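Asker: Please find one structure pasted underneath; my questions will follow.
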């Protein structure tokens, strides 16, 4: 029996166990096994139910297990238990159990073992029962029959361990009765066997539905698809609490992991990572997806507003500036002091007071740092002093410009606190972070990285495990961070406690704490794992896992939360908002500090013989005396920058009116002027009369001080004989009710207490809120700058909307002041005018705009704002026409090439003539037979030579007799053959290209070409040439330098001006139909070579779509200018307007409004035609017309005429 069963076992091992690296054979003292194959084996003897397990687990890779002893059931149970307890895996194990000689157990009882539920490949061999042999001649004493059977394993219900008969084997024939596959793959089709899947709700991995097939998620769908692939019935094993749970050392556990280790589930998934501790108890599949564990941290808040002015530089730069400042002040002090003491050996009076000298030095350095003028007296004498101050000038210029640039960027882009983005920043922030379970830190809490990097120890120590309810409450504060998973395809696994109402308060870290691979877990040494690994790889390669993940995110997770995490929408709202105190509190703090130390305001004092004024401050002053209503105005206008004006005399109203008149007549500007009018000792005028002055409408900051009337003081103890009380009042300026000059009482001041009664702000800014005061806007219809609607609010255009928005910003009421004729008009020397400019100079409008340029002449009468946009003044010129058809044959070569060809032909004719004439003389002298050929005169020889060369050029055959005799002649003609071949080939190619692509006249693209064309150009008003018509006469400006760069530059502009025509729109409309005139237009904005911007065009309404195709846009500009807004001279509105324009320009609103006006109100077809120059772009194939070939026919006719002339005249 032993020999027969060993033979059978060897047969089975040879056929079914070759995939195993080695064999494990379990025998005992009563049962030996003789193996005759080539596989290495480990034979383990069992005695008294003990075995040496160290022989099993040596990582030999033995997956074939043979049991031949008397206790096979105990052996199977023990081996399965040991496999589960040890590290080595036996996922592909295959059992062969042979009946022992004295088996103490019934082999059929193996079907009752629980371990058999986790074994797929098992075959039991036992001797056939005696009953099978009785009366059956097929079984004899010499013939032993063995039955081979296994367990069912597959199928639904409780029949998985059902006994399945496989085959019979006969020892005499050494053959099987049925020859079945004894180890057929039971795993490929499991016939509905349950696949118990442990999981819980965790998006987007596992989303529990009303049934297993209604459930979704990347891992859930993978597991369900795996079950379907191998015909298993997926069954959910959901743990409602403990989430992932944990495994204890006694092979029990809770949660998802507990279900797996307790064999309540076959596979488990829900963002399980490749945890080392769990690998001791369970098997891990191939990774499904890479996940990065990071945190949602509180989003950075706006930085403190009062620190805004300090953000232009880093603190290191501020320290460096402070050190330089403290170094420069002593340096300037010593230069002043030691030059006087050592060089001049005499200390002047002003240098004797050292503290005063040091104060003056500090004041000078501070003036430099705020770009204020330094007087000659403040510059130290000597070369060293001048060199020192020159360096300080350069340094202060650089410093203030870099500070201004940095400050502008900070006010444009809000500054936030430093965001938490890296692991180190998170550790330094002190934040705690939390989730629902400690599984979030299992990968790092015992890792070697934690021991080497304290930062990870800090992170693990700051983790908080809490319930979802507590985490939801924590999310409403700013004191906690929350763990999330960063998945592929920019998806995120975010806990349900982070909801839409709080997600905007959080910011996703850029760094991951760590990263892991998501895996599925199975029972240790599970037979399902190889199939699962293969399936996971195939699903990953097909992109199904990513698809299922995206599906789960899209259908079951909050898209707003996902987008907020993905794109970090916190503080991304770029809507224009009104400035709040938090935005500017730092700037106002600096302003208040500036007021306290007031270094830039100068005083202008007006006194007379009866009123003296004693000034005790540190500011420089100019005292102007008035006598008989006259004073020296040259003292005022010296560009000292005076904006503070004090009037204390007996004619204050006359002084006020005269100063305002002089300010308007002179070039120096006083836009920020501030008046203080004091009552004189013998005032001849009532100070209240100032309210009736028209000039007061253009002054905002004014305070009048006069002695309080006695009638108001009767019975009032506030007024005594020893006490003089002064009233301080101003005018309203603001408002809509026509009472802008209404008297407004400000305060009272007592001379004995030297205090104010109410302590009001006497010079509060009236311009910030003008309470509906009218802003009269002079303009005219001119797209896209000004598109006039039914009112100012409904009007459009880049400049009009700028003005309207400016009015709204400062609470003014925009009112349109339209001029329906004269367009821009002009200003006359008597301060009157017409058109838009006239409205401004006559004070009918406060601001004016509509493509107004920075004209020098108008600057004498009006103020000019900061530029809004750069415009290029150019022309639409008649488009180039098709070139004359009769010239077509000549266009293959340039005129230089034709001259070269003509010269070469003439030289060739002379050469051939010389060769023939020389031969003629030689042949005649020798009486050769060739002499008769050349017995002709020189004219005939020359004519024949010319005819021969022309024949070559038109590729006609040359007779042998026409070739000169001799090597020189043949060499000459050989070169001529090559030359004619090259010439005709290039000519034919050129002519073919000309016939293929139409040839047009040269377009007018440059200023020189425009002048040479002789074209006249026109527009509706002469303002189109205002910027250049007087340029050549300006001999003292930098413009003269530009105009005299070349000798032709200045005459060209003179010609451009002379060819300009100003006429009505109707006349320009008629001229546009002739195609003989050019028309002025503007290119908005200019396109630089490095930064291309969208081009818009300001085109007159007289150019319609029916004629625009006949015109071509010049490439060059005639000149360029800047759009500006004009105001009354020295208008108090200009500083606000300038600041507002700069802010609009930085925000891009001016360009947006311009594009809006062009799109909505201007002819888009005209804009497109001008922009892309569609003229003659039609490439449709057409039939040849006479105009195409009239040149060729002309050459043919010329040839016929020449041949007839030669035939009938020369030959005769």
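Note that Cβ sites are derived from N, Cα and C of the backbone, with glycine treated the same way.
Owing to the predicted nature of the structure, the values given are computational and were not obtained by experimental measurement.
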Asker: Quick one: which of 296-316, 317-337, 422-442 does TrEMBL have down as transmembrane segment?
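Answerer: Checking TrEMBL against the ranges 296-316, 317-337, 422-442, the transmembrane segment one is 317-337.
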Asker: To which of the residue ranges 1110-1131, 1132-1153 does TrEMBL assign the term transmembrane segment?
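Answerer: TrEMBL lists transmembrane segment for residues 1132-1153.
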Asker: Which range, 803-826, 827-850, 851-874, 971-994, does TrEMBL list as transmembrane segment?
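Answerer: In TrEMBL, residues 971-994 carry the label transmembrane segment.
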Asker: Would you mind telling me which of 875-896, 897-918, 1007-1028, 1029-1050 TrEMBL tags as transmembrane segment?
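Answerer: Feature transmembrane segment in TrEMBL: residues 897-918.
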Asker: Looking only at the domain 'Ionotropic glutamate receptor C-terminal' (895-1199), what is the model's average confidence as pLDDT?
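Answerer: So the average pLDDT across the domain 'Ionotropic glutamate receptor C-terminal' (895-1199) works out to 76.
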Asker: If we skip the immediate neighbours and take only residues 6+ beyond the ends of the transmembrane segment (971-994), which ones have a Cβ under 8 Å from one of its Cβ atoms?
Answerer: 888-889, 891-893, 901, 904, 908, 911-912, 915, 949, 952-955, 958, 963-964
